[in-house]
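One structure below.
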Amino acid sequence: MSRTSFESSKSRRTYASTPDHRPLARRKRIIVAMTGATGAVLGIKVLEALRRMNVETHLIVSKWADATIKYETDYAPATVRELADFAYTANNLAAPVSSGSFHTDGMIVVPCSMKSLAGIRTGYCSDLIARAADVILKERRKLVMVVRETPLSDIHLENMLSLTRSGAIMFPPVPAFYTRPDSVDDIIQQSVGRMLDMFDLDTGDFERWRNETEVRLVAMDGVDGTGTRA
């Protein structure tokens with residue numbers, strides 16, 4: 001059995017591998033990319049959730065994501081990077097995640113700016129975020145894009161439609177008010193949980209739609225269980 005090392009901008013790690021360089025009994029591995037769009041806290045909470053679930057994370061942070069983290073949150077960019085197992089700058093096109101031979105279980109771009117959306121849609125790999133997403137698409141792996149913009153132009157919508165047809169999942173972080181959230185944190189927690197559902201990962205920390213919820217709404221609306229108004 002050989003030892004194969006991968007270099008990250010944060011540290012050097014070592015993995016056990018077979019002679020053909022396939023990892024042995026590895027953890028689930030997700031790429032997390034953060035762009036400069038508003039909503040940096042969503043990316044941070046995704047990283048925290050994946051860390052709790054012992055998922056190996058490879059984080060890519062753009063220059064403008066660093067700026068947004070500092071502007072919108074109380075986190076320092078360095079602290080956010082420490083949440084990941086591996087962290088890369090967006091200009092590091094030699095990173096392992098830029099190659100299809102580096103196996104992952106998918107990628108989430110959270111938040112995703114319209115600039116990054118356009119670059120990924122056209123295959124213009126000007127940075128590691130676009131390149132890693134391009135690899136995910138060509139390898140037919142799961143790509144979740146938490147797009148942050150409103151209102152949307154026809155250009156935005158066409159880019160989203162094209163990527164959806166290519167296999168990506170568009171995931172605008174729309175709040176679910178049926179949970180009757182008490183705080184912004186509740187909304188974020190539910191959104192992050194639904195995002196990670198896309199990777200078959202259950203955070204187990206947010207309210208889902210249940211029959212009890214349905215019964216409560218039916219009782220409020222005066223409709224019986226058959227859908228007939230009482």
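Cβ coordinates come from backbone N, Cα and C, glycine included.
Automatic, uncurated: that is what TrEMBL annotation is.
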Additional site residue, Arg148, Arg165, Arg180 [criterion: listed by TrEMBL with Gly36, Ala37, Thr38, Ser62, Ser113, Met114, Lys115, Ser116 for FMN]: Arg148
Greatest C-beta neighbour count within 10 angstroms, which of the binding-site residues Thr38, Ser113: Ser113
Among Lys115, Arg148, Arg194, which are binding-site residues, the residue with the most C-beta atoms within 10 angstroms of its C-beta: Arg148
Extra residues within 8 Å (Cβ to Cβ centroid of Gly36, Ala37, Thr38, Ser62, Ser113, Met114, Lys115, Ser116, Arg148), FMN: Thr35, Trp64, Pro111, Cys112, Leu117, Glu149
